[in-house]
Each structure stands twice: as C-alpha cells, then as structure tokens.
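Pasting the relevant annotations from TrEMBL:
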- 1-191: domain 'Major facilitator superfamily (MFS) profile' (DOMAIN)
- 215-409: domain 'Major facilitator superfamily (MFS) profile' (DOMAIN)
- 44-66: transmembrane segment (TRANSMEM)
- 78-97: transmembrane segment (TRANSMEM)
- 103-125: transmembrane segment (TRANSMEM)
- 137-163: transmembrane segment (TRANSMEM)
- 169-186: transmembrane segment (TRANSMEM)
- 215-241: transmembrane segment (TRANSMEM)
- 247-270: transmembrane segment (TRANSMEM)
- 282-300: transmembrane segment (TRANSMEM)
- 306-332: transmembrane segment (TRANSMEM)
- 344-368: transmembrane segment (TRANSMEM)
- 374-395: transmembrane segment (TRANSMEM)
C-alpha cells in the first residue's frame, strides 16, 4: 500500500518526526500540568479543571472527520508549518491569560491543531520507510512520544514551583515551533500536489471509507472500548494506590511511570514480532489479542496485596500496550491506501481519545458508589469482554474478504 520504494527508507525524516513529536508531547504534558495547577491555585474549582481536560480532548474526537480529510488533501508541509506557528502563538497567549474561560477556549484551539498534526505525522511515516522498516520506524516514534510524555509533568512541577506558570507555557510555545520546523525539514511530503500523479492505465481508483472496511471498523471500536477501560483506571489509580493499598506518593509515581516505561519497551519487542505477520487477517487477530491481553493485568491488579505487584502488572500491561501501538500502526498502514491514511489515522485517534473521555467520565461517576478496587476489576474485565464481543464481527469480516478474494481469483 504505497510505502517508500525498496532500499530508500529516509531515516533522517523518521528521526526528525520522532524528535518533533517528542518535544510536542513534552510541551503538551508540560502545559496541561501547568494549567491544571494554575486553575487550582486560583480557586477555579473542579468544574474548571474538568472543562480544561474536556477542551484538550473533545476536538481530537469531534474534528477527526474534517482533519483526516485535511491531512489527505493538503500538502503536509503547509499543514505542519501553518498549524505549528498558530499553536505557538496560541500557547504564548496562554501565558498571559488568567480568566478560566479564556484559558479553556485557547486550550481547545491548541487541541484542534493537534487534531490536524497527529494524522499528518502518522500518515507520513509509512511514506518515509519501506514496508520492512515500518515496525522499527513505528517503535522509534512511539518511544520518543513516551519520553516526552514522561518528561513533561516532571518539568512542570519543577518550573511552576521555581518560576510560576508563565515560563512553562512559553517553553511549550517553543515546542510547537519544532513542529513547524519539522514541516520545513522533512523531505517526505504527501497530500495536495504531491499526490497528483496520474493513476496507471487500467488502475481502479477505489474510494476507501472506514464504514466500508468492516475489519478495521470493528477493530477501531474494540480499540476505543479498551482505551475507555484503561482511561477509567487512570482516574481511579490514585485512589486505588493511595487509599486501597495505603502506598506513598512516591510509590504512586512509580506505578504511573511503570506503564509508560512498559510501553516504550513493548514497542521494540513487538516491532520484531510483527514482521512475522504478512496478511491483514493475522494482524487484525493479533491486535484483538493484544487489546484483550492489555486489560488482563489491570483486572488481576485488583487482587494485589501490595503496590509492588501492581508495578509489575503495570509494566506487563504497558508492554502489551506498546505492542498494540506498533501492530495497529502496521495494520492501518498496510491496509489503507496511501491517499486515505490521514482519514484512517484520524479515525484511530478519535477512537482512542473518545474512549479515554468516556472512561474518565464514567470512572468519576462511579468512584462514589463503588470502591477503587472493585472499579479496577470492573474496568479491566469490561475491556476483555468488549474484545470478545468484537471478535465475532472481525471474524465475519475476515471470512467475507476470503470469499471475495477467492471469487476474484
């Protein structure tokens, strides 16, 4: 499905993309933590903080149909440069705004920019490397993003304590300039005039849609359901570790970091394993297995007598989650035509972010009536059951494709 030609992987582009996304992820985490602290210090209350997180997530879901089309139809360089510059200006404005409503509105604008750049970057990577090199490129990108996610909150705590809220937000503005610079430096381009080459004689110009791809649609739905479970546990986690297990604040920090560390390691472990899968059906089954398996350590942790077992289980869950990131990227990249990858990755991102939002809201509503331990078990089992439910339509989609392929042959 239109990868770079054999022997021509552009690793410099891969590292530029990974580096810019790592800086952007670190800046996003830095800004989110800084703004949450700022609202809390100003006495804005829980409603304002909830509004902040909603503004940071909702555009990634609501704008996915539009931004996916933008990523496919317009020059990637133009989109990255223009969006990066606008985001830098918006983030700089955040450093000088104090009204909660204005802060939340500007965060929504930043998230709208991410809804554009995320599918642009994701769709570019398969065009940078050969089919065989894509797993390694995916692992590099995922590891860089995890490093950025880990560094951002830690840097925010130090910078806010030492200098206040303005310097961290100005630093975040600089990280968005890295996105614009990446757009200028990348040799690989897609969308717009770069994709205007005429089709070969006799080629069939099929239009890809997610609704028309039963296998991917079912997989995306399962992805969203599992992320809802994991996202819900993220809300419950602090109460489970601190109250149910009686662990210290430092132990909670270790638990939170262990999942991310497992994801970084899992990306490299599964980047080697994914090479064994040559067909879409096998990849789809592997994605479902990884989705369900990621929830198993979460469910088991509900019975943990102490925090150290949770750390080990979170490492295992993160390892499987890292593999899931690689396998899902490979599945979309191989299955979706190059000209539709922006829409496909926007859909995958929407499923993940929409699932996370649902999990956050549901967990917050259930924390009062139920204990943290019961909720951890419930969310873990719900993820497994969701995968089992989706396994049937995935199997049917695979069977339909086999029948169609046999008829064509």
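Indices start at 1 and increase along the chain as displayed.
Cβ atoms are placed via backbone N, Cα and C, with glycine included.
Because the structure is a prediction, the values reported are computed rather than measured.
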Near the transmembrane segment (137-163), which same-chain residues lie under 8 Å Cβ to Cβ, leaving out any that are not at least 6 residues past its ends?
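Result: 9, 14-15, 17-19, 21-34, 37-38, 121, 125, 128-129, 171, 257, 260-261, 263-264, 267-268, 270-271, 322, 325-326, 329-330.
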What else in the chain is close to the transmembrane segment (78-97), if you only count residues 6 or more beyond its ends and a Cβ gap under 8 Å?
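Here the qualifying positions are 27, 31, 35, 70-71, 103, 106-107, 109-110, 113-114, 116-117, 120-121, 165-166, 169-170, 172-174, 176-184, 186, 191-192.
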Under 8 Å between C-beta atoms and at least six residues away from its ends: which parts of the chain pack against the transmembrane segment (169-186)?
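The answer is 13, 16-17, 19-20, 23-24, 26-28, 30-31, 34-35, 76-85, 87-89, 91-92, 94-95, 113, 117, 124, 159.
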Average the pLDDT scores across the domain 'Major facilitator superfamily (MFS) profile' (215-409) and report the rounded value.
87
Same chain only, please: residues at least 6 beyond the ends of the transmembrane segment (103-125) with a C-beta under 8 Å from a C-beta of the stretch. Say none if there are none.
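Contacts of the transmembrane segment (103-125) (Cβ under 8 Å, skipping residues fewer than 6 from its ends): 13-14, 17, 21, 24, 28, 31, 35, 38-39, 48, 51-52, 55-60, 63-64, 67-68, 70-72, 76, 79-80, 83-84, 86-87, 90-91, 93-94, 97, 134, 137-138, 141, 176, 179, 186, 188-191, 329, 333, 341-346, 348-349.
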